[in-house]
Amino acid sequence: MAQDVPDEPTRNPGPNVHGAHSARPRAAGPDRNGKDKNRGFGGWLREVATIIVIALLLSFLIKTFLFRAFYIPSGSMEETLEINDRIFVNLLVPEPFDLNRGDVVVFKDTQGWLPELPPATEGPGAWIRDALIFVGLVPDTSEQHLVKRVIGTEGDHVVCCDADGRITVNGEPLNEPYIYPGASPSDIPFDVVVPEGKVWVMGDHRNASADSREHLQDAGGGFIDVKDIEGKAAVTAWPLNRAGFIGSYPEVFENIPDPSSSLPAGSK
């Protein structure tokens, strides 16, 4: 730590010792706090630039390996997620961490569930937008993604519905508190076994969600490839009055038996 170098005292410093100083002029150099007086604005600017570069690098690394921001454009997941919500998705699910029933996931629309996007508008500020997207500070709206809740995983027998109108997984009925108030578990009957490497997904607002049920007749049978899953929706970040963790409701699925014990005859 830099120490103060005492000035050469005058013969009569007078009563104000804190203001005493040598008559001999001092050479330019560090001030009493060890800082260079000549550094000035240029040094401060370099420090700020360094901080910004480090912050952008950290943001890029987080976006690439840990979390990614997404924007919610529809009401298919109400009231868990609302229109215009901004969420952060945990990129460590489904790998290296396991994907579970009840997880809310964001996945790439490789099967064409969504209409094609219009071409991105280009303008004087487009490069700024692209740069912010690159480092993960704003969501990338140029790619097609969907967000749904995982109801069935590999091998699960998922059926709508039992005598009480509930969806069952491997014969166990689900009591789903996350469903939009007033919506039924499903108005579309189905009876499926989830293939290897796939999941069955549904929106929480069942009456407003074109999910796995709507695509039973498609080539993919309504199932989503696990490899298309970007990650698990972890937190709502914006607006601030809705900020918080996004629940997976493990208690809803905790009593579901092993899938092999409930498969229909002849199923694998």
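Even glycines carry a Cβ here, placed using N, Cα and C.
Feature annotations, courtesy of TrEMBL:
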ACT_SITE  SER76  active site
ACT_SITE  LYS148  active site
DOMAIN    46-238  domain 'Peptidase S26'
REGION    1-36  region 'Disordered'
TRANSMEM  48-71  transmembrane segment
Between LYS148 (active site) and SER76 (active site), how many Å separate their Cα atoms? 8
Same-chain residues at least 6 positions away from SER76 (active site) with a Cβ under 8 Å from its Cβ, in sequence order, are VAL147, LYS148, GLY203, ASP204, HIS205, ALA208, SER209, ALA210, ASP211
Return the count of C-beta atoms lying within 10 angstroms of the C-beta of LYS148 (active site), excluding that atom itself. 24
Using DSSP and three states only, what is LYS148 (active site)? strand
Tell me, what is the mean pLDDT of the domain 'Peptidase S26' (46-238)? 89
